[in-house]
Amino acid sequence: MLLTLLKCKLHKATVTHSELEYEGSCAIDGDLLDAAGILPYEQIQIYNIANGERFTTYAIRAEAGSRVISVNGAAAHKANPGDRVIICAYGQLPREEAARFHPRLVYLDADNRIVRTGSDIPVQAA
């Protein structure tokens, strides 16, 4: 049996552009894609912290160092410049491998600079 697990995430990215008249996708700074391990055209989930919207699209590579997070096409209705979002990619692994797997976690500041990276999400009590 294959289990679907969090492969990686960009945590609290700031949307820099929202382009409705675009073919689709989410353009992400190439350095951020590399840090997280997200490939161009890979399916991603975006969770908008500002409004609770959750949607699926695919990643495209923006210029490295640009700090761009551009939500494009129909998804532009779900995110505005300045919104903080969590961008996740998932993968499937056999149960035996899943038990040993750790995701790549990339934490960003409000300017889409990497603050820290990790592989475990700490438990947060309410």
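Placed from the backbone N, Cα and C atoms, the Cβ positions cover glycine too.
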Point to revise | Further substrate ligand in Swiss-Prot, beside Gly73, Ala74, Ala75, within candidate set Thr56, Thr57 | key: Thr57
Check your understanding: Near Tyr58 (active site, proton donor), which residues of its own chain have a C-beta under 8 A away, given they sit six or more steps off in sequence?
Key -> Gly24, Ser25, Cys26, Tyr41, Glu42, Gln43, Ile44
Check your understanding: Applying the rule Cβ within 8 Å of the centroid of the Cβ atoms of Thr57, Gly73, Ala74, Ala75, what extra residues of the same chain belong around the substrate site?
Key -> Gly24, Ser25, Cys26, Phe55, Val71, Asn72, Ala76, His77, Lys78
**Study point:** In three-state DSSP terms, the structure that Gly73 (substrate binding site) belongs to
**Key:** helix
Exercise for review: Please work out which residue of Ala74, Ala75 has the most C-beta neighbours within 10 angstroms of its C-beta, and give that one of the binding-site residues.
Suggested key: Ala75
Check your understanding: Which whole number of Å gives the largest C-alpha distance between any two of Thr57, Gly73, Ala74, Ala75, the residues noted as binding substrate?
Key -> 10
